[in-house]
Amino acid sequence: MKPYILIDKKNELEGDFFIPAQICDEKILNFIIEKGKGLLCVSAHEDDLLKRGFFKLPSNGSKTNFFITVDYGKGTGISISERCNTIQKISEGLSIKDFVYPGHVNVLGAKEKRWGHTEASVFFSEHLGYKPYGVIIEILNSNGDSHDFEYILELSKKNKLEIIDIEDLYKEYVKKRFSIDTSVKLPTAIDEDFDIYTFKNPYDSREHIAIVKRPFKESIPYLRIHSECATGDIFHSLRCDCGEQLENSLKIISKKGGVLIYLRQEGRGIGLNNKVKAYKLQDEGYDTVEANLKLGFKDDERDYFAAYLILKALKINEVKILTNNPKKYEDLKRYGIKIKEIVNIYGKVNKYNKKYLFTKAKKMKHNLKLEGVE
Ligand SMILES: Nc1nc2c(ncn2[C@@H]2O[C@H](COP(=O)(O)OP(=O)(O)OP(=O)(O)O)[C@@H](O)[C@H]2O)c(=O)[nH]1
Ligand SMILES: [Mg+2]
Ligand SMILES: [Mg+2]
Ligand SMILES: [Zn+2]
């Protein structure tokens, strides 16, 4: 097996070589130490290490969950063959008493609710069918810098090594853990036969919900993915079209059967405070995209992976989606949901939301039919 390169685009912007500890051999180890040059570590579940008597190194704010370093056997511990042997013995589940410490192999504990190279490497080892122990080492470029993506890309091309984003591994990790928490009847003014579902959601630990109306009269359910908009959904704000979109979607779902997924993504994912700041900037002349950028965000911070997980949990693979926003169905398609039909869903255009809608049509490719937008 060849080592993988695990990149972490979100936090440390680093690339690590990775191999499952169980199949670590001297040739691969020599390669990743020579080419990686970072700190050679074995990663394991934190509670597994604690159970075996491994103990944490004292930490004064370190982000990495270091345990005591170890050697197996009585040699110097540093040769490739000795470190390979130590790695193997750690992956065989020996207790700390079988090791000499401190030693020459670093040990990292993977923690719940954290996702870095440590956690990704433990999960990936299991995902590949090996025991949950990974070997990782940061990749430093020729001047010793660890944040050089160009260099990492070069290295992967030259050695034909696969690069994997740990965010994608996280999505695999979550898929197995995302499930329906509970559901209950939710009679509403629009329809007395709705059910509301809540979910156990390790993805972003936000409380997304689904409102479901069965039966799906046209066999394929209508789907509305609705991002939370307190101003529009609750206070009927005229600055956007969300409140009416919510109401109109619920009416269609009530009549034809389907699902409304309510994602806690207020402000296109920037939150309510920041959205109100964005409104203030729009009062000063910025448009809805410029305002986001001015606040240091992307024009749209949302992704719809949670909606995909909810559909999977509800055993729905094909939908007729109510939206004007191509990103919603493009994301769902990418995750493997079949889009049978795309149905526009509008709110009324008024003097307060016209520019907002116009900008979304012009700059965010929303298919909104507004006069003056070709
Ligand atoms: N940052 C920002 N967010 C806004 C603004 N106006 C509305 N929003 C947010 O935009 C999102 C709109 O959600 P949706 O209606 O589900 O999605 P959409 O992108 O409009 O696409 P559709 O499915 O066609 O409605 C909500 O999170 C609102 O809070 C704004 O001016 N700035
Ligand atoms: Mg790292
Ligand atoms: Mg909308
Ligand atoms: Zn809104």
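A Cβ is built for glycine as well, from the same backbone N, Cα and C atoms used for every other residue.
For ASP300, the entry in TrEMBL reads active site, proton acceptor. Secondary structure from DSSP puts ASP300 (active site, proton acceptor) in coil. Under a cutoff of 8 A between CB atoms, and with a sequence separation of 6+ in the same chain, the neighbours of ASP300 (active site, proton acceptor) are ARG268, GLY269, ASN292, LYS327, MET364.
Look at TrEMBL and you will find ARG302 tagged as active site, nucleophile. The Cβ of ARG302 (active site, nucleophile) has 20 other Cβ atoms within 10 Å, all protein chains considered.
Among the features that TrEMBL reports, GTP binding site is placed at ARG224, ILE225, HIS226, SER227, GLU228, GLN245, GLU266, GLY267, ARG268, THR288, THR323, LYS328. Under the DSSP three-state reduction, GLU228 (GTP binding site) is assigned to coil, being neither helix nor strand.
Residues within less than 8 Å, Cβ to Cβ, of CYS242 (Zn(2+) binding site) and separated from it by at least 6 positions along the same chain comprise HIS226, SER227, CYS229, THR231, GLY232, ASP233, GLY347. The annotation Zn(2+) binding site is assigned in TrEMBL to CYS229, CYS240, CYS242.
For the domain 'GTP cyclohydrolase II' (183-343), the predicted model reports an average pLDDT of 97. Annotation comment: TrEMBL describes 183-343 as domain 'GTP cyclohydrolase II'.
With respect to ligand 1, the binding-site residues ARG224, GLU266, THR323 contribute GLU266, THR323 as residues with a C-beta closer than 6 angstroms to one of its atoms, given in sequence order. Residues from the binding-site residues list (CYS240, CYS242, ARG268) with a C-beta closer than 6 Å to any atom of ligand 4: CYS240, CYS242. It is 9 Å from the Cα atom of GLU266 (GTP binding site) to that of ARG302 (active site, nucleophile).
Excluding CYS229, CYS240, CYS242, which define the Zn(2+) site, the same chain contributes THR231, GLY232, ASP233, SER237, ARG239, ASP241, GLY243, GLN245 within 8 Å (Cβ to the Cβ centroid), listed in sequence order. The recorded positions near ligand 3, defined by a Cβ under 6 Å from one of its atoms, are CYS242, chosen from GLU228, CYS229, CYS242, ARG268, ASP300.
Cα to Cα, GLU228 (GTP binding site) and ARG302 (active site, nucleophile) are separated by 11 Å. In this entry, ARG224, ILE225, HIS226, SER227, GLU228, GLN245, GLU266, GLY267, ARG268, THR288, THR323, LYS328 make up the residues listed for GTP, with the farthest two CA atoms of the set 22 Å from each other.
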